[in-house]
Amino acid sequence: MAGRVFEAWKGSNKFLFGGRLIFGPDAWSIPFTFLLIITPVCFFSVFVATHLRRELLPNNAGHVFLVAGVLFTVFVLILLFLTSARDPGIVPRNSHPPEEELCYDTTVSSDGRQTPTVQIPRTKEVMVYGVSVRVKYCDTCMLYRPPRCSHCSICNNCVERFDHHCPWRNYRYFFMFVSSATILCIYIFSMSALYIKVLMDNHQGTVWRAMRESPWAVMLMIYCFISLWFVGGLTGFHLYLISTNQTTYENFRYRSDNRINVYNRGCSNNFFETFCSKVKPSRNDFRAFIKEEPPRNITLATTWERPEEADEENREERRQKVEDDLDIDEDVMKLQQRLNDEEGSDTAHHKIDIDQMRIGSNERAPTIRSEARHGNWGARSNAQEEDVIAGSSVRESRSYAAAEEGR
């Protein structure tokens, strides 16, 4: 029985629940991220929100702070799970290079012979919004990458609209996650500061005295302040990228190459495209069974010959074979003329000539002029050579017998 696609996947992804969930090779960091989110919220619920509920008991506002913190934390964790377990837009790789893109290139070898080879252009031009954009060929996936697609060296896949590799792999949900995490940090920081303010008002003390009474609130404020620099800065940077319709990779590349961003269609349209456009279905069915490909008629090789060049080489070979046959016929005629001239000579001398001819014929047979130039004749050339040697031997035998009778 054929296996499923995720079982033979060539990328570095990790699959769970029979290919229903797909993670990156660094999926181990997801539980660690969960702990970084859940741990401060637990301390906030036990040491801040509970006491804040008691201090604000007459107004029943403390329950709202506790429930809001827990629900918002659950929302952030759901976003983290959605962004880390979904297909980020992996482009299916090909099993062989695209044949329609093959082109011939002539290379000159060390002996001076030109050999046509098959090559695939490294880049090609495509039109995007009326502007020509160059796309590259991926040797690993054996395809031309679509516009805004790059090959991720960590997960070993070509990913559409590749931004950067991190545990949160889908861009829309990734932005919602970091922005929600930013709001959660601000919320916990604000509630911890509010709790210290309530302690100051109720006990008529100073800030330092209130901080000593609730050290957990101070620790949460420090933790959220440090985290806010990371997730808050990341949220602000990606707000800029969304407003200009760029990815992190494109931002650095355009800045270094001074290239024009052809995808920028205005701030409002860019935000609409990011958050309101329909999410395309995945190109991969990881749970599907592997289908065996039919045998291909064309076999790709490192060296190819053009059809017209192959025909020209065959014609040259046939022409050379005809020339070899003509050379053999010429040698046969000369040998017959020599035998006819020697038949009218003296008997004694004729006998000596016949003996020499035997030796000469044995030496000449394998050293015909055409053999020196071409090591292999055809079946016709070999047959004619055997006829010449056999005919010369018969004539020599008859001449020798006639000479013996005359003596």
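Residue numbers in this text run from 1 along the chain shown.
A Cβ is built for glycine as well, from the same backbone N, Cα and C atoms used for every other residue.
As given in Swiss-Prot:
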TRANSMEM  28-48  transmembrane segment
TRANSMEM  62-82  transmembrane segment
DOMAIN    136-179  domain 'DHHC'
ACT_SITE  Cys166  active site, S-palmitoyl cysteine intermediate
TRANSMEM  174-194  transmembrane segment
TRANSMEM  217-237  transmembrane segment
REGION    300-407  region 'Disordered'
COMPBIAS  346-356  compositional bias 'Basic and acidic residues'
Distant-in-sequence neighbours of the transmembrane segment (217-237), which means Cβ under 8 A and at least six residues beyond its ends = 40, 43-44, 47-48, 175, 178-179, 181-182, 185-186, 188-189, 192-193, 195-196, 211
Per the Cβ filter (under 8 Å) with a sequence gap of at least 6 from its ends, the transmembrane segment (28-48) is approached by 66, 69-70, 73, 76-77, 80, 84, 167, 181, 184, 188, 191-192, 195, 214, 216-217, 219-220, 223-224
Could you pull out which residues elsewhere in the chain have a CB under 8 Å from any CB of the transmembrane segment (62-82), counting only those six or more residues past its ends?
-> 30, 33-34, 37-38, 41, 44-45, 49-50, 52-56, 168, 170, 173, 176-177, 180-181, 183-184, 187-188, 191
Per DSSP, what is the residue count of the domain 'DHHC' (136-179) in each of helix, strand and coil?
-> 9 helix, 11 strand, 24 coil
Give me the mean pLDDT over the domain 'DHHC' (136-179), rounded to a whole number.
-> 83
